[in-house]
Amino acid sequence: MGQSVSRDDFIWTLTEQPHMSRREAIVKKYPEVKQLFGVDPSLKYVVSSMVLFQIFMCWMLQDADWILILLEAYFCGGIINHAMTLAIHDISHNTAFGNKHPLKNRFFGMWANLPIAVPISISFKKYHVEHHRYLGEDGLDTDVPTAFEAEFFTTSPKKLLWLALQPFFYAFRPLIIYKKAPTDMEILNAVIQISFDLGILYFFGLKSLIYLFFGTIISMGLHPSAGHFISEHYAFKEDQETFSYYGLWNLCTFNVGYHVEHHDFPYIPGRDLPKLKALAPDFYDNLHQHTSMMNILTEFVMNPAMGPYARLKRKPRVDQEFYGNYQLFEYVEGFLHHIGVYRLQKFAGNVFDLNNNEKKLN
């Protein structure tokens, strides 16, 4: 159990990520793959039913024993809340309403965010774009562990602790690796989430709020659902960068296990990723793949070759950007135009200019 990991650095590579070239090859050989692009019409109903179910559970558990609260959070609420984080992942690719309606997708992501108890939807979108575009690039892909994580969590007990702390590393790692200015949508996401949490606290009490919050924290750490954090990009095979998991947990995770397929075609909804694999088996069947979440977690903890260093990295192609996209600004600007604020501002400016000119003439 105390054996230290065998790696002392990340796996640096000079090659480009494989997903773009594989995408081009699949489209060329199977042009009908484009029929899978677009919206998952069932997503909005599935997500909404899960949000409402969690609110129902808050009502059911408001007077429950603390032991039952924690057990329900692990075995029920945790699975649902982790699923909601992956629904947010799917929604971040505009699969709920399509690319023509980005604002609808962002607000729907906030709706999916509610049971999670912590505002993550908009921030996740902001950094996840970089993860796809600059996979493994130093300082750009915040999915890659920091040097501290890789150097400290080197033995099996420490790796087990690292797994338990995953929600905190995913929350704070971007603030260390790639700082970005908060956007208007992030602030709105936080206001809506805090208002919902206060509503749960007021109407159902502390136990219901703990049920939601603990379910989120535990399901992203020592929980089978969290196995996908390890299965997706940790180098179980050194010459492969992304790995897929084909097992039952995909039923609870919006098919996030089909991760090679997802990176190849991020605009195919999770529901249709199995169709992509079935369409192009010659591109996927020969890759290393996972079939058990528990085996993934066990091997990561026990195998000296595995650890936070077991990730492919590249030199960055571009510089970091501090400021992001402020989606609400154009709507606020349009509203101000509509109510005449800019006309009033122009009128006031002309008046002041006229006074200044009169003074100059005198």
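Here the Cβ of each residue, glycine as well, is placed from N, Cα and C on the backbone.
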Transmembrane segment per TrEMBL - which of 68-88, 110-130: 68-88
Cβ-Cβ under 8 Å with the transmembrane segment (68-88): same-chain residues at least 6 beyond its ends: 43, 46-47, 50-51, 53-54, 57, 61, 109, 112-113, 115-117, 120-121, 124-125, 207, 210-212, 214-216, 218-220, 223, 225-226, 228, 252-254, 256, 270
Within the domain 'Sphingolipid delta4-desaturase N-terminal' (5-43), residues counted as helix, strand or coil by DSSP: 18 helix, 2 strand, 19 coil
